[in-house]
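Novice: As annotated in Swiss-Prot:
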{"type": "ACT_SITE", "residues": "GLU384", "note": "active site, proton acceptor"}
{"type": "BINDING", "residues": "ARG107, SER108, SER156, PHE257, GLY258, CYS259, LEU260, ASN261, ASN262, ALA263, ARG264, GLY385", "note": "substrate binding site"}
{"type": "BINDING", "residues": "147-156, 182-184, ARG289, GLN300, 357-361, 386-388, PHE404", "note": "FAD binding site"}
{"type": "MOD_RES", "residues": "LYS210", "note": "N6-acetyllysine"}
{"type": "TRANSIT", "residues": "1-13", "note": "transit peptide"}
Amino acid sequence: KGGKTQGRSAKSSRPEFDWRDPLVLEEQLTADEILIRDTFRTYCQEHLMPRIVLANRNEVFHREIISEMGELGVLGPTIKGYGCAGVSSVAYGLLARELERVDSGYRSAMSVQSSLVMHPIYAYGSEEQQQQKYLPRLAKGELLGCFGLTEPNHGSDPGSMETRALHNPSNRSYTLNGAKTWITNSPVADLFVVWARCEDNCIRGFLLEKGMRGLSAPKIEGKFSLRASATGMIIMDDVEVPEENVLPKASSLAVPFGCLNNARYGISWGVLGAAEFCLHTARQYTLDRIQFGVPLAKNQLIQRKLADMLTEITLGLHACLQLGRLKDQDKVTPEMVSLLKRNNCGKALDIARQARDMLGGNGISDEYHVIRHAMNLEAVNTYEGTHDIHALILGRAITGIQAFTTDK
């Protein structure tokens, strides 16, 4: 009897597999990280999810969302001081995951504000003229920023940019001419972080403010992706920018690339939130949908697809966790970020497409949200380094040979 009792006791104490957290990510998070995530999840589900269908249908970006996020303290969250939260990189990733679980467009707006506007000002800006002037208002969501690097003729090759900055020593200013395109937030931005080539051939960062003469930001219409975020151009026609608006510690292309790596890190987390939504939706739909007298989920093909989705999401999340811990130890390389940006975006897009298919005809209805995630992820797989560009970054690291151009 004693043996049988011990056997039953041992069996009952055996851990149970939880498909919602297969490798127990929860136990590897700090109490603060869990609290931050759960608080923001509540906001996202209660305040953003009810808006997203109509926002996406009507191609409308709700500017007040940024102010709401500012009140929650999630803008520039890893920055210390200036009204920012100073949280861990993992906490930032968890925020991106919860936001993109609702919509990639919303995450894009937050990501640009935090990683591509606030980060360069914090890392490369002057203390009084730039950091103190802009960061507190950006953190509160009073100001909304954008990041201008991509140009009409130069996407994956920003080093060939045509935007020029001419120095005017007499009045201590620069004159900027050129155009940037596919710029998240630009039509509604108050602050523009723009990269331009100067006469000494150095690429420098400039802070342009809404209302400067010669500066315009027309909206790009007709997008089939990221419809709930504002995307546009930045047109500069003899825009005069004072010297005090030049980022003093930024004088090479490595600087905007460093900013992009910060954003790519957040994207790697974010896309898995979208993928998780698609997995959960496909699972519930195939459990509820009866065909040939049984749930679709009884079909072996369906179960294999769900298993594949769960596997990729789980591996991606734990890789992100490791990358976040390394980031806080200042041990991250650009190649590490490229590996996860490329893998997680590609896998998330595949998962969204599979989920769309599993929902049958209902899969193309925005009421189920999956088609919106699929369309969004098409863009996320492309921006901030395409799937192929990140492959070349990794290929160069593996072989020691760059394959971006035909140069020997």
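Glycine is no exception: its Cβ is also placed from the backbone N, Cα and C atoms.
Values in this document were obtained by computation on a predicted structure and should not be read as measured data.
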Novice: So which recorded positions out of LYS210, ASP357, GLU384 end up within 10 angstroms of LEU260 (substrate binding site), measuring C-alpha to C-alpha?
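Specialist: GLU384, listed in sequence order.
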Novice: For the binding-site residues ARG264, HIS387, which one has its C-beta crowded by the most other C-beta atoms within 10 angstroms?
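Specialist: Selected residue: ARG264.
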Novice: Taking the Cβ of each of the binding-site residues and counting other Cβ atoms inside 10 Å, which one has the highest number: SER156, THR184, ASN262?
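Specialist: For the binding-site residues SER156, THR184, ASN262, the Cβ with the most other Cβ atoms within 10 Å is THR184.
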Novice: Could you check which of the recorded positions (LYS210, ARG264, GLU384) sits closest to ASN153 (FAD binding site), going Cα to Cα?
Specialist: GLU384
Novice: Can you check which residue among the recorded positions ARG107, LYS210 has the largest number of Cβ atoms within 10 Å of its own?
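Specialist: Per the Cβ count within 10 Å, the most buried is ARG107.
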Novice: Measuring Cα to Cα, how far is GLY258 (substrate binding site) from PHE147 (FAD binding site) in Å?
Specialist: 13
Novice: Quick one: pull the CA-CA distance for the residue listed as 'N6-acetyllysine' versus ARG107 (substrate binding site), whole Å only.
Specialist: 23
Novice: Work through the binding-site residues one by one (THR150, ASN153) and point out the residue whose CB has the fewest other CB atoms within 10 angstroms.
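Specialist: Counting other Cβ atoms within 10 Å of each of the binding-site residues THR150, ASN153, the minimum falls on ASN153.
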